[in-house]
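To start, the structure under review is shown below, and the notes come after it.
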4 protein chains.
Amino acid sequence: MAQVTRPRELSSPERLQAFTDAVVAIALTLLILPLMESVGDLADEEGTTAEWFDRERFALLGFALSFLLIAVFWVHHHRLFRVVRRVDSGLLWLTVGWMFTIVWMPVATALSTQMHPDWAQPLVYIGTLLATSVMLLTARLHLRRHPDLHTMDRVESAAGIRSGAIVAGLFFLALIVALIAPGLGNLPLILMVASEPLQRLSTRRLERAATA
Amino acid sequence: MAQVTRPRELSSPERLQAFTDAVVAIALTLLILPLMESVGDLADEEGTTAEWFDRERFALLGFALSFLLIAVFWVHHHRLFRVVRRVDSGLLWLTVGWMFTIVWMPVATALSTQMHPDWAQPLVYIGTLLATSVMLLTARLHLRRHPDLHTMDRVESAAGIRSGAIVAGLFFLALIVALIAPGLGNLPLILMVASEPLQRLSTRRLERAATA
Amino acid sequence: MAQVTRPRELSSPERLQAFTDAVVAIALTLLILPLMESVGDLADEEGTTAEWFDRERFALLGFALSFLLIAVFWVHHHRLFRVVRRVDSGLLWLTVGWMFTIVWMPVATALSTQMHPDWAQPLVYIGTLLATSVMLLTARLHLRRHPDLHTMDRVESAAGIRSGAIVAGLFFLALIVALIAPGLGNLPLILMVASEPLQRLSTRRLERAATA
Amino acid sequence: MAQVTRPRELSSPERLQAFTDAVVAIALTLLILPLMESVGDLADEEGTTAEWFDRERFALLGFALSFLLIAVFWVHHHRLFRVVRRVDSGLLWLTVGWMFTIVWMPVATALSTQMHPDWAQPLVYIGTLLATSVMLLTARLHLRRHPDLHTMDRVESAAGIRSGAIVAGLFFLALIVALIAPGLGNLPLILMVASEPLQRLSTRRLERAATA
């Protein structure tokens, strides 16, 4: 009977990883859809390539930024899943939630680069990034509560949570700034440059604590 | 000569799984296409992000619902394939049929969220979900008839079939309600909340029978 | 130096398979694009779901047919690659050519279901199917010439080539019929129902020859 | 503590390969999007399949060329990753950069086949190809500096770098020609036919040097 009622191991980490990879790869590639469409539109007006670059400057920037951000998120997700041994229901649905925010990214990017600017625009883009990082952070917290699911020791787990909290915290801060000063657009994301130094600071502290 | 005529093992479960994963991942991601298009359309009218959210409320809801449902279907399919050892012609084509209903989902979702409401709309959406669940249930029944294809014992197999029958039965019930009262749209899907309690009830009975 | 000049093993069969799977899965899913677009178009005219089904009957049929055909092609390709041990340059490029015809399928389908009928329409659709089957047949012939690439014995290899030649031959026949009577559209594809009986006939002969 | 601070192994080569494969497969397939759209457009004007082929001649050529080029790039990337044992941060981000240029290819192709010709058009297309080849060459140079990441010996590594430098050099030459004579369009790419003879020449020299 044990097999009927086994509640924890719902999926192999490998297959969930492969599925996640496919979803991220598609979202990454669908970022070009608005660019493809604008090529078609300008072609109808007998436009040239130089004109297209001039007109789509902002869309190109948005495409490059979102590509980079999704790649960074994928790397973070990937690093976490390297130490996952088993997938329980909680981790499964947190991963589905994380994928939802990734699939939403091309829409957030299109809104961010194509719409007439308003207060909602930066909130949607930065809010999506916040949601992605919170999903991953929650997955890390879930793993800490269930040591049987992974191969991290306490120190590694704590380092990961700290690192995820720094990223989520900075996105939250950027969201607050965007809420106060919507005229800045997605500029508050510049706060993310603080992520790397803060991470390094946190690691150093953690190491000092461990050797103490 | 045995190898020329071996009729049963047509595909490795791993490769069929990987192919299924890719198809589901793409269908999941293509759900955003109507949203992407509506961003482009509203951008042409100099609309703002807030206006877009207001106008696409229903499409957003449909996107989120279909994303969730495809994810749930994937999890169910995935759980079943974890115990599959070999793939015969029947299982292969049932999986292709299942994939067909998944690939159709973005179209059913687009019809459900973009069209002027009529009697056919909820039938198509709920009918698609019914078809997906019936395909998986048929795969379970096929596996029960061919014990050499999987590693489930009788109790597990019966539990899976019961569970699949509950889901398919509830979708069927929702379809009937939608047929009688088309004005409700996709609301009859609310019947699906009965799935979890019914599953638990069925599991308890099964366990009692097994221990008896 | 052996490693610099090794000319034969250019790719692992597993990775080439995985790549092929991804390409086929995407082509399979992109078949819905014209349907998605027509939903958007009819939505602009305040159409209903029932009207859409009525108007897109032919496109729906084409979608289902192409889905089925790509699935069948995938199964055939997949069965062949189960016995491939190593991939040389010839097999690699034949697989790329095969993928090219698969990626082209959504375009051939769109032409077949959306365009005003003319003599070229059935030629393109049936010609694409012929090209796919010829690519796979050529891969089989290539494998026969290079026994070090696969694990098939002579009987299996001959059976596969016979089977592939039957399929390609029937597509060729359908193409000829379409050339002579373009008014039939894709109807000459009905010749493919002869594939199964011809295959069985060929297998029986092969077995008789083997036991003789 | 070793595990917290291990800076080098960030990703398994297998998973990075699988992710890369998915991205390339999608980019390869999205090349058909402009063709799909033009089918829809001409269908609105009651056009025929023959008319479509006549009108889209150039777009079809561009599709076939880009399909071939992406396939070639994939094969080169794939060959390199067969010898990669571990992935460090540098290799990871070089691969992300390489993927970026691949995802950009459908846009460059659309610009190249749909826009009114201008000086920028060939620069974008040939420049994209140059960027892809430079990314792979840089990855090769990175691997040479870090022997712990791969299983190539010095001779193999040098051969790969020479080969990559020849390809990148020819793309650069083609870019220069396109800059001087923009009226030629993408014709300077014909220089790439020199790649194979130059490679063979370089291999022969390398072998002579090794046996000397």
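Using N, Cα and C of the backbone, Cβ positions are placed for all residues, glycine too.
As annotated by TrEMBL, transmembrane segment applies to D:16-36 (among others). Outside the transmembrane segment (D:16-36), and at least 6 residues removed from its termini, the chain residues within Cβ reach (under 8 Å) are 56, 59-60, 63, 66-67, 70-71, 73-74, 77-78, 81, 87, 92, 95, 98-99, 102-103, 105-106, 109-110, 113-114.
Long-range contacts of the transmembrane segment (D:58-77) within the same chain, counting only residues at least 6 positions beyond its ends with a Cβ under 8 Å from a Cβ of the stretch, are 20-21, 24, 27-28, 31-32, 34-35, 38, 98, 102, 105-106, 108-109, 112-114, 129, 132-133, 136, 164, 167, 186, 189. Residues or ranges marked as transmembrane segment by TrEMBL: D:58-77 (among others).
The transmembrane segment annotation in TrEMBL covers D:89-111 (among others). For the transmembrane segment (D:89-111), the list of distant contacts is 7-8, 10-11, 16, 20, 23-24, 27, 30-31, 33-34, 62-63, 65-66, 69-70, 73, 77, 121, 124-125, 128, 131-132, 135-136, 138-139, 142-143, 146, 149: same-chain residues at least six beyond its ends, Cβ to Cβ under 8 Å.
What TrEMBL records for D:123-143 (among others) is transmembrane segment. Within the chain carrying the transmembrane segment (D:123-143), a Cβ under 8 angstroms from the stretch's Cβ atoms is held by residues 69, 73, 76-77, 80, 84, 90-91, 94-95, 97-98, 101-102, 104-105, 108-109, 111-112, 149-150, 152, 157, 160-161, 164-165, 167-168, 171-172, 174-175, 178-179, 182, 186, 188-189, all 6 or more beyond its ends.
The transmembrane segment annotation in TrEMBL covers D:164-184 (among others).
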